[in-house]
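The structure under discussion appears below in the form of structure tokens.
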Amino acid sequence: MTVQIAAETTGSPLINVSVFVVFVLITLFIVYKATTRNQTAADYYAAGSAFSGVQNGIALSGDFLSAASFLGISGAIAVHGYDGFLYSVGWLVAWLVALLLVGERLRNTGRFTVGDVMAYRMKQRPVRAAAANATLVITFFYMLAQMAGAGGLIALLLNVHSKGGQALVITGVGLVMVFYVLVGGMKGTTWVQIIKAGLLLICVTFMSVFIVGKFGFSFSAILDQAAAGSPLGKSLLEPGGWYGDGAMDKLDFVSLSLALVLGISSLPHVLMRFYTVPNAKEARRSVVWCSWSMFLFYLGILVVGYGAAAMVGPDAILEAPGGENSAAPLLAFKIGGAVLLGIVAAVAFATILAVVAGLTLTASASFAHDVYANVIREGKADARSEIRVARLTAIAVGFLAIIGGIVTNGQNVAFLVSLALALAASANLSTILYTLYWKRFNTTGTLWSIYGGLGSGLILILFSPAISGSSTAIFKGVDFHWFPLTNPGIVSIPLSFLCGFLGTVLSKDPADPEKQAEMEVRALTGIGSKI
Amino acid sequence: MTKAVRPPAPISSERATGPGFADRGTESDEPDFAAIQQSPEFDLLRKRLRRFVFPMSALFFCWYMTFALFSAYGHGFMSRKVFGSVNMGTVFGLLQFVSTITIVLLYRGFADKKIDPQVDKVRELAGADKE
């Protein structure tokens, strides 16, 4: 049975590859067309702030409808059932943080990077360096997840089973994405996101409508069929299928939930998107649009996930090359044959390309704008050399991503993303909320909350069962873990809030009231942001 | 509110964006932020925003954590069937979808009606919208 499916899916690598190549060519053409000659820094980093709220909203959802959401979540629901569903709930609710607390205020205060906001009323150099460190680490983790997904997908599509062959294709993916960033900057990257998000929504909607129709418009019937085919049986539909019943498993589950809901609005590449719109009103509109498309998408993914369990079966999914991450592509093949598989796979590929391009851009912006221009050159760098540094960084980051993707190939991407989210929530959320809403917050508090959250998160991940000492660990055969949870969120997120508070209260340097006034007025009204 | 002509010399040298991005042009007629911050109009804006945004954030966060905690510790309750094979857990999860969209729409309405006009008022008083 499994052998047969594997053979079937590889029956048409030609179609898969040609659909994908057509997509890449079309987007490359658009990127080329959209690119402004003689890019300024504002063009390269923020697309000249010229996108509308609707466009940015779709691109924003595109940024988050990553390989993790599409491949990872549908696979997690198909194999683990209810526990996979928790991810999608967390990721939808999370947009409320962006809408209510962060998005508009961030748009009004910053220009290009998260560091702009964090360092606004603080000492520039140490805070910018800290913000850039956090951005680079978070972005790197997030990128690992995307590249790992690329490996699995390639395995499925091209029937490349050898690790060496997959590594070669990951390298190819990495090169194309660096090209997008170098040529297109933020504008090109955003257009790729918009196209991709549109296609992905159409695909998921089509598949879920088809499944619901096939099961006589009864969601309950899909669930029955899914449970019948699953080794978990009825407990597929109940909590605990993935995380188990132990006390630590349950705590891990809570930790994960916390990271999911607080992480998204702290991701540097999501935050950076808010700079591509001209004002706070458009920033608000973009989150509203984004929320709607996430709402539709995750409802669809719930159906697609259980549909894959019902129609393909968890055994076949797990045995397919690519494992869990291949649930959605396999289901597409079941529904629409080789052509739909080709389209879904191309969209999934495009997703990875676009998201990784966005991440590369974020990392390069953070390094060039925060570290190079403001820390090394102390604000005296000219725009052209800054962009040159940004481009060089993009190449370096792309190189690291390729290596990382080869190492993590085969991990569940949703899980890897949850680690990046925990780090983002720990390092960024506390700092951003404090600096926007707490008058007394000062430089020491900022540094403590960034490094406290980031450091504790990294240490706990390093010594967690995710890295060593469990059957699913990245490094097998060694065991140096002492922290019992795979997700550090429940410890590191509150800790960063505490660090920020203590750093502020204990330090002797007071906050700068003049800059605080400027920042608060600007955050709430946009006065002074010269838009 | 008048806009001050105080030259913000130390501020602009420390400015995040550096001289390379000097498309902001006329730095010298920067508004008097401290005066705006202390104006009653701005105070009202801040109060209004905080009174909506903070409780609403607390609300959705608690509501979501209730769902997460029940998923972790209330297996029995979440596994209870509601209709067909659809159990409490799934219904609870879908209710999160509904509540999220509801809050999004509530905030949009609130911001359009209560926040934006007040922002315009403050901007006007600060002379920030002269074209």
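Cβ coordinates come from backbone N, Cα and C, glycine included.
The following features are taken from TrEMBL:
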- A:14-32: transmembrane segment (TRANSMEM)
- A:58-79: transmembrane segment (TRANSMEM)
- A:85-102: transmembrane segment (TRANSMEM)
- A:130-158: transmembrane segment (TRANSMEM)
- A:164-185: transmembrane segment (TRANSMEM)
- A:197-223: transmembrane segment (TRANSMEM)
- A:253-275: transmembrane segment (TRANSMEM)
- A:287-309: transmembrane segment (TRANSMEM)
- A:335-368: transmembrane segment (TRANSMEM)
- A:413-436: transmembrane segment (TRANSMEM)
- A:448-468: transmembrane segment (TRANSMEM)
- A:488-506: transmembrane segment (TRANSMEM)
(request) Select the range from A:14-32, A:130-158, A:335-368, A:413-436, A:488-506 that forms the most Cβ-Cβ pairs under 8 Å with the transmembrane segment (A:197-223). (result) A:335-368
(message) Cβ pairs under 8 Å only, please: of the recorded stretches A:85-102, A:253-275, A:413-436, which one is richest in them relative to the transmembrane segment (A:488-506)?
(response) A:413-436
(request) Go through the chain and flag residues at least 6 beyond the ends of the transmembrane segment (A:130-158) whose CB is under 8 A from any CB in it; none is fine as an answer. (result) 9-10, 13, 16-17, 20, 66-68, 71-72, 113-115, 118-119, 166-167, 169-170, 173-174, 266-269, 320-323, 325-326, 329-330, 345, 348-349, 352, 355-356, 359-360, 362-363, 366-367, 370-371, 375, 397, 400-402, 404-411, 413-414, 416-417, 419-420, 423-424, 427-428, 431, 446-447, 450-451, 454, 458
(request) May I ask which of the stretches A:14-32, A:85-102, A:164-185, A:253-275, A:413-436 has the most CB pairs under 8 A with the transmembrane segment (A:335-368)? (result) A:14-32
(message) At a C-beta cut-off of under 8 Å, are there same-chain residues at least 6 beyond the transmembrane segment (A:14-32) that contact it? List them, or none.
(response) 157-158, 176, 179-180, 183-184, 188-189, 191-192, 195-196, 338-339, 341-343, 345-347, 349-350, 353
(request) Please figure out which one of A:58-79, A:85-102, A:164-185, A:413-436 racks up the most CB pairs under 8 Å against the transmembrane segment (A:253-275). (result) A:413-436
(request) Would you mind listing the long-range same-chain contacts of the transmembrane segment (A:164-185), meaning Cβ under 8 Å and 6+ residues beyond its ends? (result) 24, 27-28, 31-32, 34-35, 39, 43-45, 47, 147, 150-151, 154-155, 158, 191-192, 349, 352-354, 356-357, 360-361, 364, 391, 394-395, 398-399, 401-402, 405-406, 409
(request) Take the transmembrane segment (A:85-102) and find every residue of the same chain, 6 or more past its ends, with a Cβ under 8 Å from one of its Cβ atoms. (result) 64, 69, 72-73, 76-77, 239, 253, 256-257, 260-265, 270-271, 284, 287-288, 290-291, 294-295, 298, 301-302, 305, 414, 418, 429, 432-433, 436
(message) Within the same chain, where does the transmembrane segment (A:413-436) have neighbours whose Cβ lies under 8 angstroms from its own Cβ atoms, ignoring anything closer than 6 residues to its ends? I mean 6 or more beyond.
(response) 66-69, 71-73, 75-76, 84, 87, 97, 101-102, 105-106, 109, 114, 117-118, 120-122, 131, 134, 137-138, 141-142, 144-146, 148-149, 152, 255-256, 258-260, 262-268, 271, 325, 445-446, 449-451, 453-454, 456-458, 461, 466, 486-489, 492-493, 495-497, 499-500, 504, 519, 523
